[in-house]
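Per TrEMBL, the feature S-adenosyl-L-methionine binding site maps to His11, Leu13, Gly38, Glu59, Asp87, Asn102. Residues or ranges marked as domain 'Ribosomal RNA adenine methylase transferase N-terminal' in TrEMBL: 18-187.
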Amino acid sequence: GILFNTGAGQHILKNPLIVNSIIDKAALRRTDVILEVGPGTGNLTVKMLEKVKKVIACEIDPRLVGELQKRVQGTCLANKLEIKVGDILKTDLPFFDACVANLPYQISSPFVFKLLLHRPFFRCAILMFQREFALRLVAKPGTKLYCRLSINTQLLARVDHLMKVGKNNFRPPPKVESSVVRIEPKNPPPPINFQEWDGLVRIAFVRKNKTLSAAFKSSAVEQLLDHNYRIHCSLHNTVGSLSIYYILLSVYCDLHTDFCESKKSTLKNLKCLKFFQKSYKEIPENFKIAEKIQTVLKDTGYSEKRARSMDIDDFIRLLHGFNSEGIHFS
């Protein structure tokens, strides 16, 4: 038999009752195209092939690909199976209606977000995870396991814990308990720039028990937001020096010779300078991003709040507060 590489997350689901339960909870349809990641020897794959139009199985281990091919060879199921060999995290996802998988646990987090940012939308995903990871996905504000993973997943999807699966249902058994989770992407998705959102949430959850006022006092955070703020200003006609005024005045003078006798006289024309200053706002030389950050936190009422107890609506309001003041996270 095959020696399974447990370091690569190869734990084959052997209990047919669990296999059937997962398939029942997926509510598969005859017309479905199913994406499966880490099919192993095909215990789940074969059962799904009996119920759907097509299964696209993604496997990185050529030995297991061979086992899966042998299992369906010469049967009526063979032409309904497509096998993709390679690393799922490094390849584009195909079109599919649902994803059903006993995932290698070490790719859980990156794969979840690859799924949730995938377009076009899929109906649902039924996924096996390490128990603690699964509980983090569904954790609510104020609970011990609530984290960046929780709020990011719940922003983009409805997540439900379906069932616990003991380690003895696998061959070889893993060192941890497992759980099956259903993930249904929100369609349409929330009207939020996810990179902006994740930038804010990442800062808040680095130390989720700290107040936001303290979390945002990190020098690295201040440097990042100061850099982003200055870029934002330059892109939105807010600049840090008067040089841009003089460039524009020079151009204006070239186009309006009847308005001024020379460029030199125009540069001295205070009224003309004020005309351009209506469109351009100078960043003061003594500007400090730290003060602006703390003002936003105070004005939005989140200065003394902690990430561990804040929900999606709280972070949406906070992100809006920062963005409306020109502070961005991506």
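Placement of Cβ uses the backbone N, Cα and C atoms for every residue, glycine included.
As the structure is a computational prediction, the values presented were derived from the model and not from experiment.
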Chain-internal residues, separated by at least six, CB under 8 A from Leu13 (S-adenosyl-L-methionine binding site): Val19, Gly40, Asn43, Leu44, Asn102, Met128, Val165, Asn169, Phe170
Model confidence over the domain 'Ribosomal RNA adenine methylase transferase N-terminal' (18-187) (mean pLDDT, whole number): 97
Span of His11, Leu13, Gly38, Glu59, Asp87, Asn102 around S-adenosyl-L-methionine - largest C-alpha separation, Å: 20
Fewest Cβ neighbours within 10 Å, where candidates are the binding-site residues Gly38, Glu59, Asp87, Asn102: Asp87
Cβ neighbours of His11 (S-adenosyl-L-methionine binding site) where a neighbour is any other Cβ within 10 Å: 24
